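Contents: one structure, followed by commentary.
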Amino acid sequence: MLRYALWRAVAAVAVLFGISVVVFLLLRLIPGDPATAVLLTMFDPGASSAGITTADIEELRDKLGLSDPLHVQYVSWLTEILQGNLGTSLRSRQPILDELAQRIPGTLMLAGAALVVMFAIALPSGIIGALHAGRPADHVTRILSLLGESLPSFFLGVLLIYLFAIRLDWLPAIGRQGPESILLPALTLGSGIAATTSRLLRASLLDTLSQPYILMAEAKGLPRGRLLFRHALRPAMVPVLTSSSLVAGGLLGGAVVVETVFAWPGVGRYMIEAIGGRDYPVIQGFTLFMAALFVGLNYVVDILYRFLDPRVRVEDAARV
């Protein structure tokens with residue numbers, strides 16, 4: 001187990017290294033000169049490049065280190081990253097890590113509320129679909145799951161705003177105006193993930209309910225509720241746990257869109273503003289930060305999976 005954990009840790013570091021190279025090179029392959037774009041954004045976003053002199057561009061390029069060879073720029077950037085410094089925003093002149101720290105609580109709050117919505121929808125619908133497989137209740141839950149997976153989050157968000165904020169005037173449309181402001185963004189972000197989780201739980205629970213030990217317990221007259229919650233649901237949740245890293249990725253990726261639609265102050269909206277302002281250090285730092293978070297979650301889930309599923313531990317032992 002320890003050998004596997006160490007191997008996975010090395011693999012995670014290698015993945016992060018590869019991501020850092022790709023992010024670094026992609027931003028430098030984008031058409032246009034970063035220094036010119038920064039000057040336009042900093043001084044007059046509506047102006048043309050005609051008013052910017054070559055001396056201004058070269059001075060900024062030297063200041064940002066863009067005149068150095070690519071390998072020198074990458075080593076310098078990676079050295080700063082390893083020291084815990086994601087760089088400085090070109091627009092605000094503030095450390096990127098500090099700006100992320102100010103916005104992460106908003107995104108975590110939204111992601112936590114979306115998780116509550118996800119489980120509140122996915123658990124009942126997945127269980128109902130499995131217990132009533134092939135019946136009308138199962139068909140309804142499957143149709144709703146397909147609908148939830150198909151609707152883009154930005155469309156669902158606008159639809160909820162129109163219904164609950166404009167037509168009914170029950171909830172605020174945008175921003176953080178109070179505790180109720182999180183309801184619409186959380187419902188938008190959690191619904192799509194709930195649909196996928198519901199389908200996964202239904203399939204896993206159907207497989208578990210067909211196992212011989214479950215059929216034997218049912219034949220002996222064990223109450224259905226006890227059979228479900230004490231013997232079937234726990235092993236059925238293992239595939240759901242293994243997909244939790246994908247759920248986290250969906251929450252973080254979906255937050256970019258949802259925070260923009262609802263003007264929610266978080267890291268997703270911060271990234272959109274950085275892209276619009278061509279704030280390259282922020283884009284680099286944010287992408288690498290989110291990649292590290294996603295790879296770390298995937299590593300933790302992979303290790304936990306081997307603790308929760310004895311079959312995997314037996315397979316690992318057999319290989320050794």
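Each Cβ is built from the backbone N, Cα and C atoms, and glycine gets one as well.
All annotation found in TrEMBL is predicted automatically rather than curated by experts.
Marked as transmembrane segment by TrEMBL: 6-27 (among others). Nonlocal intrachain contacts for the transmembrane segment (6-27), taken as residues 6+ away from its ends with a CB within less than 8 angstroms of a stretch CB, comprise 34, 70, 73-74, 77-78, 81, 280, 283-284, 287-288, 291-292, 295-296, 298-299, 302-303.
Taken from TrEMBL, the feature domain 'ABC transmembrane type-1' covers 104-305.
The feature transmembrane segment is assigned by TrEMBL to 108-131 (among others).
For 143-166 (among others), the entry in TrEMBL reads transmembrane segment. A Cβ distance under 8 Å defines the sequence-distant neighbours of the transmembrane segment (143-166), meaning residues of its chain 6+ beyond its ends; these are 125, 172-174, 184-185, 187-189, 191-192, 194-196, 198-199, 254, 257-258, 260-262.
Packing against the transmembrane segment (236-262) from elsewhere in the chain are residues 106-107, 110-111, 114-115, 118, 153-154, 157-158, 161, 173-175, 184-185, 188-189, 192-193, 196-197, 200-201, 204-205, 207-208, 268-269, 271-272, 290, 293-294, 297-298, 301, 304-305, 308-309: each is 6 or more residues past its ends and has a CB under 8 Å from a CB in it. Per TrEMBL, transmembrane segment is recorded for 236-262 (among others).
Here TrEMBL flags 282-301 (among others) as transmembrane segment.
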Inset, instruction - Could you tell me what the rest of the chain brings near the transmembrane segment (108-131), counting residues at least six beyond its ends with Cβ under 8 Å? - result: 137-138, 141-142, 144-145, 182-183, 185-187, 189-191, 193-195, 197-202, 205-206, 209, 228, 233, 247-248, 251-252, 254-255, 258-259, 264, 266
Legend entry - Outside the transmembrane segment (282-301), six or more residues from its ends: residues with CB under 8 Å to it: 8-9, 12, 15-16, 19-20, 23-24, 27, 77, 81, 86-87, 89-91, 96-97, 99-100, 241-242, 244-245, 248-249, 252, 267, 270-271, 274-275
